[in-house]
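Here is what TrEMBL records for this protein:
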- SER337, ILE338, PRO339, ARG340, MET341, GLY342, LYS343, THR344: ATP binding site (BINDING)
- 310-514: domain 'FtsK' (DOMAIN)
- 141-163: transmembrane segment (TRANSMEM)
Amino acid sequence: MAIDPNIPIDWDAELVDLTTPQPVDVDEHRAPRHTDRQPILPKWARSAEAFQAQMRWAAENAAHRAGYHAVRLPLYVARLIARAPRGLGRVLRSWVAWMLDWDGRQVVRSAVAVSADGMARAQYVTLAEERSRRMKARLRMSGFGVLVSGAVGVALLAAPAWVQLLTAGVAVACLGAAGGRPDAPLATSAVVTSRVARLHSETVMRALQSLGIAGINRSPKEIGWPAPISRDGAGWRAEVDLPPGVTAGDVIERREALASALSRPLGCVWPEGAPSVHPGRLVLWVGDREMSKSPNPPWPLARGGAVNLFNPFPFGTDPRGRAASVTLMYASAAIGSIPRMGKTFSLRLLLLAAALDPRAQVWPFDLKGTGDFRPLQPIAHRYRAGDDPDDIEYALTALTELQTEMTRRTKVLRGLPSDLVPESKVTDQLADNSSLGLFPIVVGVDECQRWFEHPEFGEQIQAICEDLVRRGPATGIMMLFATQRPDAKSLPPVISSNVVLRYAMKVMTHQANDMILGSGASSSGIKAQAFARSDRGIGYLAGEGDDPQIVRTHYVDAVVAEQVVTRARAVREAAGTLSGYALGVEQDVQAGPSHDVLADVLGVIADKAWLESIAERLAEFRPAYEGWDKTSVSAALRPYGIVPAQTWLTDSATGKGANRYGVTADAIRRAIAERDGKRRK
Ligand SMILES: Nc1ncnc2c1ncn2[C@@H]1O[C@H](COP(=O)(O)OP(=O)(O)OP(=O)(O)O)[C@@H](O)[C@H]1O
């Protein structure tokens, strides 16, 4: 619209327009309606697969019932026989009662009582005569019945044995059935169907009002119901708009009180927010059964499929049975809980997923030492179970190697053009390029506290791990730690504050909770303390998606893990990416990617040498060995089976002979020959 400059603007009127709230005509400004139409056909009739699944279920159910009762048939027969005498007694009693018309006798007796009060005598006489007539007729019929039964009995004596048996069987079955008791049914139920009470809006409303949230109690009428309460998976789903000023988090924090108010087990009640709608939208899902007792679907990757670590892969399911995934790339992880809750299983699941990406190197360290990571051996690049001194030395050497590798990677990334590394980190394409050596490396450490608490190497290991957690993910190196003691000593603060993925199953204190899930988790209602001891494999997963979510991991035991790894190994063999431990090289210690420590040691000793002399000469020989001492040399040689022994040599500084730990050139040569032989195989 053009503005006419000749017409003066009335600024006062304009201001009034802006400042005075104008009523809105509701009809003119009606909000668009969003309606959910109910499906015309039930779910099972909507597709051939669903129909087949329904039919399969019905057939399986029928077969189960048949099998269940067939097995118990002898028990049912025994019960019928045992109940037959009582049944006979009941039948005889009913017969006598009918024949002698006991009901009629009651009527006549009450008529006597009434006639004393003045009832007409004629009425009593009529009732008595009627009863006597009825009795006579019934006695005649009974006599006839006895005669017929006697004749049938005599006929049966002459009948074939099977007829006699069949008749006796039917008679006993009928008498047994008549002798039953309502509280003790003959057959127990083959299928137990638990009926779950429907969730009503009044119940939810009452429960919300009992939580002591001032905003709700002040204006309960403002609680809104954007959708009717309906079935969702194996539970009821209620969507609630909380009164203004109340957030879904306020309710989530009081989950336990909510469960109590709804009279349901804690494991059934799962309030969630819907931040994409608004912070006051609460989605309350109340399961029919506790999460830990409902069926856990198998891991989709157990039977087939591959993983690209740059993309999400299935990890578990949420309380409503929806898939929950994890993306491992660029994410170090911390997993924690009290013992026996599923840390090792969940860490192994992540490592199995890494195994299914043929590019990735997997380095499992099982410090519990019970062999939980044994299934991963056939694809592992580095592997160790246990926390003996040589295991710790092995780990230190491996971590040193990893740190050097990380430094190499940072240099490679720095040297690449920006269009290849727009975010200065390894990309899917770069990981594919084998000449760059930027494949993902996934290190899983179960019971990591054993490393950090080690009196001799603990500090050194911790320093390297902190560096790897901070700088590793961008270069494709992911450190995953699991611990049953989430405190500052077991999970150093630098690590716990720098990990991205966090998975906490049951813990005992809010400190432990916050140590794994991040500080402030408890106060915002994310409480792994609320899990029960029976909630194995169930935890809060944070770092994937915007908000922490409850996830139950897929259950993958050692047998399934072995099958997955067999598949992963075949893929790796075809791709030529098997390396390290999987090829029989327990530890190929290299000070850098192109250095061979055995060859280097052999190069600095003539016949034999002390460890400290080797360390000094190595440092002069190659800068990568700077800082090495006799322990570093020993740790580097041990994986090849070279055990330092007392060696007599002359100390060049003092000119005196002495016995100190050293190695011989022959031992190194033998180790090189053995290693190269394994590689050729
Ligand atoms: N997703 C799951 N579903 C059901 N049960 C599970 C799941 N994950 C683990 N469990 C059960 O929990 C038990 C303990 O698992 P796991 O050994 O991983 O616990 P942990 O926390 O590592 O124990 P510890 O602290 O003693 O090492 C397992 O034996 C397994 O039966």
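Backbone N, Cα and C atoms are what each Cβ position is placed from, and that goes for glycine too.
In TrEMBL, annotation is done automatically, which means it is predicted and not curated.
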So if I measure Cβ to Cβ from LYS343 (ATP binding site) and keep only same-chain residues at least 6 apart in sequence, which ones fall under 8 Å?
ILE335, GLY336, SER337, ASP446, ALA482, THR483, GLN484, MET505
What else in the chain is close to the transmembrane segment (141-163), if you only count residues 6 or more beyond its ends and a Cβ gap under 8 Å?
95, 99
Please compute the mean pLDDT of the model over the domain 'FtsK' (310-514).
94
Count the other Cβ atoms sitting within 10 Å of the Cβ of THR344 (ATP binding site), across every protein chain shown.
20
Quick test of your reading of the structure: among the binding-site residues ILE338, ARG340, MET341, LYS343, THR344, whose CB sits under 6 A from ligand 1?
ARG340, MET341, LYS343, THR344
Other than SER337, ILE338, PRO339, ARG340, MET341, GLY342, LYS343, THR344, which residues of the chain come within 8 Å of the ATP site, judged by Cβ distance to the Cβ centroid of those residues?
GLN484, MET505, LYS506, ARG536
For a quick check of packing: other C-beta atoms within 10 Å of the C-beta of GLY342 (ATP binding site), how many?
23
For PRO339 (ATP binding site), what residues in its own chain, 6 or more apart in sequence, show a Cβ-Cβ distance under 8 Å?
GLN484
Neighbourhood of ILE338 (ATP binding site), C-beta criterion under 8 angstroms, separation at least six:
GLN484, MET505, LYS506, VAL507, MET508
When DSSP is mapped onto helix/strand/coil, what comes out for MET341 (ATP binding site)?
coil
Who sits close to MET341 (ATP binding site): which same-chain residues at least 6 apart have their Cβ under 8 Å from its Cβ?
MET505, LYS506, PHE531, ASP535, ARG536, GLY537, GLY539
Within the chain of ARG340 (ATP binding site), which residues six or more apart in sequence place their C-beta under 8 angstroms from its C-beta?
ARG536
